[in-house]
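So that you can see what the record holds, here are the features copied from TrEMBL:
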| type | residues | note |
| --- | --- | --- |
| DOMAIN | 48-83 | domain 'EF-hand' |
| DOMAIN | 84-119 | domain 'EF-hand' |
| DOMAIN | 139-174 | domain 'EF-hand' |
| DOMAIN | 175-210 | domain 'EF-hand' |
């Protein structure tokens, strides 16, 4: 069923609807990324930039328990000067708390920041990069948005298995079918046959080697 052009699911929350709409608008502008291989080549640079977010994460994790709770998230968004309603903050928290343990771990925090970037993209509100002290963060998030746009061939705000196969085919991979299937399964967290930008981001943090707040991070 992976070849469905218009997927039947509807966004679960107003926040997800906004994300889909924002991604559709971005997709209409096209992408600077030419192939899936070129995304892979960017992994080390993206990994390096995202790991620099650890200091920001620790700043907002006020009780130093390795997770940002609901109140800490509200303070974080206030500090970054991005305005969300209570409902949107609740939706954002639930969306990024993938393991539902009532706390945003480091990898979930990266996804959250990128979603905020997407949603606030057209406002200057997300010049927060200067406040957060990670110079390439905005460019890195832009690369992630571009990568998703490359995969989302029909520009509906989701990636299907067929689209993933097509993207990897275009990269010239000899065994594109199995590779695409594996990558798609890694992205499709809820196993509903389509991948949202949020799911793509979670998979991406895994691909570049960022776990929750793993032992690897302690050395870097």
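Count begins at 1; order follows the chain as displayed.
Keep in mind that glycine also has a Cβ here, set from the backbone N, Cα and C atoms.
Sequence-remote contacts of a segment are chain residues at least 6 beyond its ends whose Cβ falls under 8 Å from one of its Cβ atoms, and for the domain 'EF-hand' (139-174) they are 2-7, 9, 19-21, 23-24, 26-28, 30-37, 39, 42, 45-46, 49-50, 113-114, 117-118, 121, 180-181, 183-184, 187-188, 193-197, 200-201, 204. Mean pLDDT across the domain 'EF-hand' (84-119) comes to 90 in this model. Summarised by DSSP class, the composition of the domain 'EF-hand' (139-174) is 23 helix, 2 strand, 11 coil.
Note: the domain 'EF-hand' (84-119) comprises 25 helix, 1 strand, 10 coil (DSSP; helix = H, G, I, strand = E, B).
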